[in-house]
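What follows is a single structure, written as C-alpha cells, with notes after it.
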Amino acid sequence: MNKAYSIIWSHSRQAWIVASELARGHGFVLAKNTLLVLAVVSTIGNAFAVNISGTVSSGGTVSSGETQIVYSGRGNSNATVNSGGTQIVNNGGKTTATTVNSSGSQNVGTSGATISTIVNSGGIQRVSSGGVASATNLSGGAQNIYNLGHASNTVIFSGGNQTIFSGGITDSTNISSGGQQRVSSGGVASNTTINSSGAQNILSEEGAISTHISSGGNQYISAGANATETIVNSGGFQRVNSGAVATGTVLSGGTQNVSSGGSAISTSVYNSGVQTVFAGATVTDTTVNSGGNQNISSGGIVSETTVNVSGTQNIYSGGSALSANIKGSQIVNSEGTAINTLVSDGGYQHIRNGGIASGTIVNQSGYVNISSGGYAESTIINSGGTLRVLSDGYARGTILNNSGRENVSNGGVSYNAMINTGGNQYIYSDGEATAAIVNTSGFQRINSGGTAPVQNSVVVTRTVSSAAKPFDAEVYSGGKQTVYLWRGIWYSNFLTAVWSMFPGTASGANVNLSGRLNAFAGNVVGTILNQEGRQYVYSGATATSTVGNNEGREYVLSGGITDGTVLNSGGLQAVSSGGKASATVINEGGAQFVYDGGQVTGTNIKNGGTIRVDSGASALNIALSSGGNLFTSTGATLPELTTMAALSVSQNHASNIVLENGGLLRVTSGGTATDTTVNSAGRLRIDDGGTINGTTTINADGIVAGTNIQNDGNFILNLAENYDFETELSGSGVLVKDNTGIMTYAGTLTQAQGVNVKNGGIIFDSAVVNADMAVNQNAYINISDQATINGSVNNNGSIVINNSIINGNITNDADLSFGTAKLLSATVNGSLVNNKNIILNPTKESAGNTLTVSNYTGTPGSVISLGGVLEGDNSLTDRLVVKGNTSGQSDIVYVNEDGSGGQTRDGINIISVEGNSDAEFSLKNRVVAGAYDYTLQKGNESGTDNKGWYLTSHLPTSDTRQYRPENGSYATNMALANSLFLMDLNERKQFRAMSDNTQPESASVWMKITGGISSGKLNDGQNKTTTNQFINQLGGDIYKFHAEQLGDFTLGIMGGYANAKGKTINYTSNKAARNTLDGYSVGVYGTWYQNGENATGLFAETWMQYNWFNASVKGDGLEEEKYNLNGLTASAGGGYNLNVHTWTSPEGITGEFWLQPHLQAVWMGVTPDTHQEDNGTVVQGAGKNNIQTKAGIRASWKVKSTLDKDTGRRFRPYIEANWIHNTHEFGVKMSDDSQLLSGSRNQGEIKTGIEGVITQNLSVNGGVAYQAGGHGSNAISGALGIKYSF
C-alpha cells in the first residue's frame, strides 16, 4: 500500500517533522519511491507525501490531512490549500498564485519559490532555509520568515501579519488596513511601506531599514532595536521607546516621539514635521528645516540641533538644548534652558516667561529677545548681532564686541555688561544698565529715561565744580561716556585721561588704567585706585578713605593731607617731603613709602604689608603686626610702635627691631643697631662705619649685608639653608653659628670673644680667623688650603684640616681629620692635646698626609689613625711630626692601602719626635700586607733614631720576619682542593665473591665516606697548620663489556662532596688564621682487566673529575676573605694481580694469597681565583699543575670462616705500602712572596683494612691510612665503603 506523510511544525525544534499516514493527492504521485522521499526529507528537514516533480501541475486542492510537495525544478499554479492541508515548496520547486485558506499552510524551504500566494485569514505561509516568497498577499493571513528565508513585495491588509524571525529578511513589504509587520530579534526588514492603520513593530538590533510611513501608519521601536533612514510623511508616526535607537529619520510632515531612555540621531524635520523629546530621552544632531518643529519637554535633552530658516525649536519647562545652531527660531519658555546657542543669519532666540539662556553667541544678523521674566547670562554679541532686553527681561554679563549691540528698554535690565572696542550699549526709556564696564573705544548711550546707577566706563575728562557731586565712576583710558539730561540730572562729556578737582567735594571716583585724579583743593572722598590709576593730593587738598588696589598709586605731595587710606595688594602710598598721611592701613601686598621730610602717623602695617621710612622721614605711633615689613635706617625717626613699645629708631640708633617679609633696616655710618632680629625675608644692611651690638640674630632666610661689619655683641647666625658669608667681620663681640646648614666664609674674621660653632658647619675658604674657636657636638669646621686660624681651637665636634695653618693650641675632644685630597700637610703652631680621635687617613687612598704640631699629648683611649701603602722602609705613609715633646698615651690604628708588603730593614717611620719622646704608642689593630705581619716599635733598627716610632715586618728585637698565619690557611686550601677527591682502583672496585672469570655484573653502585686529619708546616718555619676533612663520594658502573680475547671493560660515573676546616698558628707571633673549604666534584672513570678482576693478570684504570669549591680565610683581627677554587684533576694507572698461593683447609675451605704491584699518576689542575684582600694584598695559589706519582704494592688474603663455609660470605684483609712523589709543593703567593707546605714533595703511605662480601650482590669495606713526609707533615684518615652489584 502506498504511504503518505503529513508534516507537523515543531516549535521546540523550529523545524518540520514527519508523521506517517495514508496520502491522497493530485498530480504525479511517486508513492513507491519511499526511500527517495526519506532521503530528501533528511536533507531539508521536511516530510512530504504528494510529490510534484519533473512536470507542471495546475490547479488542485490540498485538503485536510494532505500534503503537496513541489520540488525538482518544476512547479504548480493556482493550487488551493484548505484547512489542514499543506503545500511544501523546496529543492527547486516553484508555485504561482497558490491560495491558502484558514488553517492551511504553505511551507517554502531550501531553493523553493512562491509567487503571488494569497493567504487568507487563518492561513499561514512559512519561508525558511533559502526559501523565497514574492508578492504574497496576506488578507488576514500570516507570513513567518525564518532563518535564511526571504520575502519580497508582501502586501499585508485586513488583519494580516508578517513576522520576521532571526536570520529572516523581507524587502518592500506594503502594510495597510490593520496589517502588521513584526521584526523579531535578528530579523531584518527593508523598504517597508506602512499605510493607514498599518503598523511595524521592531524588536531587532538589525531592525528596519528605509521604512516609509504614510498617513495613519505607525512604527514602534522597542528596547534594543534600531530603525534606520525611516521617512515619516504627514500623518505618519514613529515612536522610539526606552532603549531603542532611531537614526537618520526624515520627518516630512510626520511625527517622531522619543520616549524616556530612547535615542534619536541625525533626525531631519521638514514641513509640519514634529520631533517631540520627552524626559530622559537623548537626541543629537537634529536638523529642523522650514516648517519643522522640535519640541523639548520637561527632562528632555537635545544637543547640536541645527534650526534653519523658518524652523522652530521649542524648549518647554524642564527641557534643555545644548549647542544649538539657530538660523530660524529658538523659543525658550518658562524654566526651559538653552546653553551655548549660536544665533546668526536672521535667526532669533526668544527667552521669555522664565526661560534661561547661558553662553549664547550672536553673530551677524542674529537676534536675541529677552522679555517677561526671561534671563540670559554671559551672552556674547559679535559684529552685526543684537540683544534686546525688553519688559521684565534680565541680561547679565553680556560681552559686546565690535559692532555688537545691546538695547535695554521698557523695564529691561542689563547687569555687568562689558563693552569692548566698537561695542554699543543703548539704554532707552525705563531701561537700566548696572555696573557696565566700557573699555577702550566702547560706547554706552543713556537716552532719555534710561538709567545707569553704577557706571563702569572709560572716562577721559571730568571737571567738578564746588557745587557739584558726581556719580560713582570708574575711570579708564581712551573710552567715552555720554550722558544726556533727563529730569534735571546733570550731564558731562569725558574726553581726556585726566580728572581735575578744584575746590569742592568728589566722592566715589574709580580711577583705572592710567587714569589720573588731581586734587588741588577741597576734599576727595572714597576714591578707588585700580590698574595703574593715580591720585595726586596737592597742597590744600585732602583725600579721605582712599582705597589703593592693584597698581593703584596715591601721591601725597608737599602740603597734601590724607586720612584713612587703605592699601591692598599692589597699592602704594608715597608721602613726599611736606606731605602728611594719618591712619593709613597697609594690608598684605600694600606699601607705604615715606621719603625724606615726609611724615606719617598711626600707620597700621598688617601681615604682609610694607612700610619704608627713609633717612630724614618720621613715622609716629605706627603699629607693626607680626609679618609686617619695615624698611628703615638709623637716620629715620620711629620713636615707638604701639605693638612693640621697646622698638625705636632715633638719633642714629635703632633698638629692638624685628625685620621680616622683606623688612629692611639700614645701619648707616656712625649708626648703631641694638638687639636686632632678622626673620624670614627680612634684611639688615650695615654700612661701613655702622655697628651692631647687643644680640643680633639672623633667622631662616633672613639677610645681613655689608662689606665691613663691626660686631660688639652676640652675632647669631641661625639661617635655614647653606649660605656664603663674604664680608669682613670685626669687633669685640662673638660670632655664633647656630643653624644646621653650612656657612662658607672668605675674608678676615676678628672677634675678641671668639667664634662658637654650635650647629652645622663652617668652611673657611681663603679666610683669616683672628679668634679663638669652639666647635660643639654635632658641629664642624673645615679649614681649607688657604685658611689660617690665629687662635686656639676647642673641638667637641669635628675639624677637617687640609693644607691649613693653625697658630694656636688645639684641644681635641672629638674628631680631627684631614680632608679627602692626597698628600696634604697641615701645621699646628701650638700644642695638640688629643682626647679622642685624630684621623690622618680619611679614605683608603689618602696615604702620604703629614700633620706637624709643636707638642703632642695623648690621653688613655685616644687614637691616631694613619694609613700607608705598606712595602719596605720607603713606603708611602701618613705621618705625625712633633717639633717639640710628646707625652701621655695613644693607640695607633694603621690601615694598609693596597700595599703588597715587603721586608723592612730600618722600619717605616710614622711618628717623628724632635724633643722629648715620652708618649707611649701602641698598635690597636693588626697590620698586614702581603705575606707579612707588621709591628710597631720605638726607634729604628739602625739605632739612628730612638725617639720616633716605626712599623717593621720583623719580630720585635729580632731580625726574623713576621709571616702571616694566613699563608698557611691559603696554602692548605690549595692543597686540599687538589687532593680531597683523589682515589685509586682498589678504593672504588671493592671485593667480589666470584672467583671465576665469568661475565661480570651488568652494573653496580658504590659509596665511600672518608674522614681524616692532616697537619703540616710552611717553609717559613713559623706557621703550622692542622685541618679536619670529610669526604663523601659515590658512583656507579654504567657500562660493562666482556670479550674473551680483549678482557673486561667498565665505564662509570662518580661525584662527591667534601668539606674541611683548619687552623694555622704562627708560633712566633701567636697569631692565628682559620680556613674553610667546601665543594663538589663530578667525573667519569674507566677500568680494564686482562682476565677479569678476580684472576691473575694485568689491569688499568683512569678517571677525570671537575672540582669546584667555596673557600674562606679569617685571620685574627682581620676581615674574612672569601674566594673560589675550581679545575680538573685526572688520573691514569695500572698494575698486576697475582694469585701467589691457594690452599684448602681441613674443613674444605679454600683460601688465596694475592699480591698487587701498582702505579698511579694524577694531574692536579684545581686553582684559585686571583683574590685581593681587604687590605690590598693580592693572593694567588702556588703549586699549579702538580703531578703526583704513587707506586706501591698490596697484599691480601681471601679467607672464609668455618661458620661461613656453606654461605657466599667471604673476607679479604689487606695491607698496602706506597711511595708518593709530587712535582710541586702546594702553597700561596701573597703579592711578591711565596710560601709552600714543606715535606709534601716525597711521602710514604701505609694502608690496612678489610673487605667483605655480605651477599652475592653486596660488599663492604673499611680501612685506615697514614701518610708522612718531611718537616713533620702527616695525615691520618679512615674510610668506609659499600658496593651493590646488579
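Using N, Cα and C of the backbone, Cβ positions are placed for all residues, glycine too.
Within the listed segments 165-175, 605-615, 1243-1253, Swiss-Prot records transmembrane segment for the stretch 1243-1253. Judged by membrane topology as recorded in Swiss-Prot, ASN1094 sits across the membrane from ASN1242.
Swiss-Prot lists transmembrane segment at one of the ranges 407-418, 575-586, 647-658, 1127-1138, namely 1127-1138.
Swiss-Prot assigns the feature transmembrane segment to one of the listed ranges (487-497, 520-530, 773-783, 1048-1058), namely 1048-1058. Around the Cβ of SER582 (O-alpha-linked (glycero-D-manno-heptose) serine), the number of neighbouring Cβ atoms within 10 Å comes to 16. Between SER545 (O-alpha-linked (glycero-D-manno-heptose) serine) and SER582 (O-alpha-linked (glycero-D-manno-heptose) serine), the C-alpha separation comes to 11 Å. The secondary structure of SER252 (O-alpha-linked (glycero-D-manno-heptose) serine), as reduced to three states from DSSP, is extended strand. Taking Cβ pairs closer than 8 Å, the transmembrane segment (1080-1087) reaches residues 981, 985, 988-989, 1033, 1035, 1048-1058, 1099-1109, 1129 in its own chain, all 6 or more past its ends.
Per-residue confidence over the topological domain 'Extracellular' (1165-1186) averages out at a pLDDT of 93. As a summary of secondary structure, the topological domain 'Extracellular' (1165-1186) carries 0 helix, 12 strand, 10 coil according to DSSP. A gap of 6 Å separates the Cα atoms of SER558 (O-alpha-linked (glycero-D-manno-heptose) serine) and SER577 (O-alpha-linked (glycero-D-manno-heptose) serine). Listed as Cβ neighbours of the topological domain 'Periplasmic' (1139-1152) (distance under 8 Å, sequence separation of 6 or more from its ends, same chain) are residues 995, 1095-1096, 1197-1202, 1205. Secondary structure at SER582 (O-alpha-linked (glycero-D-manno-heptose) serine), as computed by DSSP, is strand. Within 10 Å of the Cα of SER116 (O-alpha-linked (glycero-D-manno-heptose) serine), the following glycosylation sites from the list THR154, SER334, SER391, SER539 place their own Cα: THR154. The 10 Å shell around the Cβ of SER242 (O-alpha-linked (glycero-D-manno-heptose) serine) contains 15 further Cβ atoms across the protein chains shown. With DSSP classes pooled into helix, strand and coil, the tally for the topological domain 'Periplasmic' (1041-1047) is 0 helix, 4 strand, 3 coil. Straight-line distance linking the Cα atoms of SER111 (O-alpha-linked (glycero-D-manno-heptose) serine) and SER391 (O-alpha-linked (glycero-D-manno-heptose) serine), rounded to a whole number, equals 75 Å.
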